[in-house]
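Undergrad: I grabbed these lines from Swiss-Prot:
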- 5-25: transmembrane segment (TRANSMEM)
- 64-84: transmembrane segment (TRANSMEM)
- 136-156: transmembrane segment (TRANSMEM)
- 179-199: transmembrane segment (TRANSMEM)
- 254-274: transmembrane segment (TRANSMEM)
- 285-305: transmembrane segment (TRANSMEM)
- 332-352: transmembrane segment (TRANSMEM)
- 359-376: transmembrane segment (TRANSMEM)
- 421-441: transmembrane segment (TRANSMEM)
- 486-506: transmembrane segment (TRANSMEM)
- 529-549: transmembrane segment (TRANSMEM)
């Protein structure tokens, strides 16, 4: 580890902390229907969209109606994207003549982008036409991110409102997030990326002659615009197969820092939106502190593991850390930081090959996802994910002091705890269930590239990434097979919607409750005691169940490596 590496990490953390309050304040005004700088331009567009949808901004929805609207919207998007891939060979904006996508891969890709996962069992520059990239994948990058934010806002309203039956309007929240938050920020990011050298074209691929006289085709496309929402919406699906390790997606250290900041910007700021909407910003900062402590701990361990390198190589008097699978223009510090950032949020973009990381270095991204990606998390998804743990934490606190659990004056009763645990337990059900099956059947084992614990880690990482809606992978797993396309697709759908529905049920229950005044026995939820309790609950309830699987994978691999055995 170097001072330069830690300075880069501290600069990133400082930028995020400085962004939380201004961006949080702006989003609070947007979802509160207040006037913003963009209102003169966007209000007419917003109202026109409401008229087309047959709704108004004043129309409110019960939680069941809100959830039904969300599910119908996502179903429509699923069908449209699937059909677009299946018939892309006959559609325009296909200058390179890409063929129709096979059914199992189209299902996997559709589930991936609709759920904000962006798991890719294909190479973007060799599989998808420009039309599919722009009208299919990029559109889902926007609306899947906006869907996550809408759920988070509905859940926040459940705490800020008292004795009501409605949580807002899904169509209004979706529209406002897209128009006022995602589009303006993406335009700024797109211009920044283009200025740094990222391509933005719908022309044919370029041709070049190498120094040896060979002909080389250089893939191009509308990269910058997709890159912007890929990062801001924590989608992660790359235009190119190499993702953000490709120089056309990530030319230099400046673009790399911008991309990492974009990944965390909205998720971190939602904690401030929460504090503002419930009338106590310290509540938001407490949640942000818990996220931040877990994040910094993960970065420190991952950076240490990668900087320490392989002990078997140390015996050859080679020092310099583990540079395998990393870009020299980024180095170990930025590669480790990016790996933790992309898995702490449900992004999945990569600048280094996670499969080439040291056993403990690769375990940290896996743990981030196993916790439900609530360390900042995806846009919206991270916030409503950590609120589920907040519900469990205050329930535990209530049991310890012998009082009915309360959070922000709302009583946390059996229904809320059951729904929270249902959502929390769906992750291990999917991850461990699919991993167990794939680890014993020939179809599952045929796709792994390495024997022993590392091969098991490849399978475990794949289902963890899919269920947690991340999308990154251990590249040694050949995932483009009918088995993995279908099962990982199902894991992605389970990880998205089996968490959303319990979260919406909790919101519907809480919004109808009165807020009790604070008393001397009320458990404080803005101090270090609550932050520590929340972190403990996250690690014990969310993480401990995965320890046996981790022991069979990365931990066993690390111990074997110490003894001189590699896989």
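Quick reminder: no glycine exception, Cβ is built from N, Cα and C everywhere.
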Undergrad: Honestly, do the transmembrane segment (359-376) and the transmembrane segment (529-549) touch, with at least three Cβ pairs under 8 Å and pairs 6 or more apart in sequence?
TA: yes
Undergrad: Who are the chain neighbours of the transmembrane segment (136-156) in space, where the CB to CB distance is under 8 Å and they lie at least 6 residues beyond its ends?
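TA: Sequence-distant neighbours of the transmembrane segment (136-156): 31, 63, 66, 70, 73-74, 77, 80-81, 84-85, 109, 113-116, 118, 128, 167-168, 170, 173-174, 177-178, 181-183, 186, 222, 225-226, 229-230, 232-235, 237, 266, 270, 273-274, 277-278, 378-381, 383-384, 387, 500, 503-504, 506-507.
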Undergrad: Counting Cβ pairs under 8 Å that are 6 or more apart in sequence, does the total for the transmembrane segment (486-506) and the transmembrane segment (529-549) reach three or more?
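TA: They are not in contact.
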Undergrad: Using a threshold of three or more Cβ pairs below 8 Å, and leaving out pairs closer than 6 in sequence, do the transmembrane segment (254-274) and the transmembrane segment (332-352) count as in contact?
TA: yes
Undergrad: Establish whether the number of Cβ pairs under 8 Å between the transmembrane segment (254-274) and the transmembrane segment (285-305) reaches at least three, counting only pairs separated by 6 or more residues.
TA: yes
Undergrad: Please identify the stretch among 5-25, 64-84, 529-549 with the greatest number of Cβ pairs below 8 Å relative to the transmembrane segment (285-305).
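TA: Stretch with the highest Cβ contact count: 529-549.
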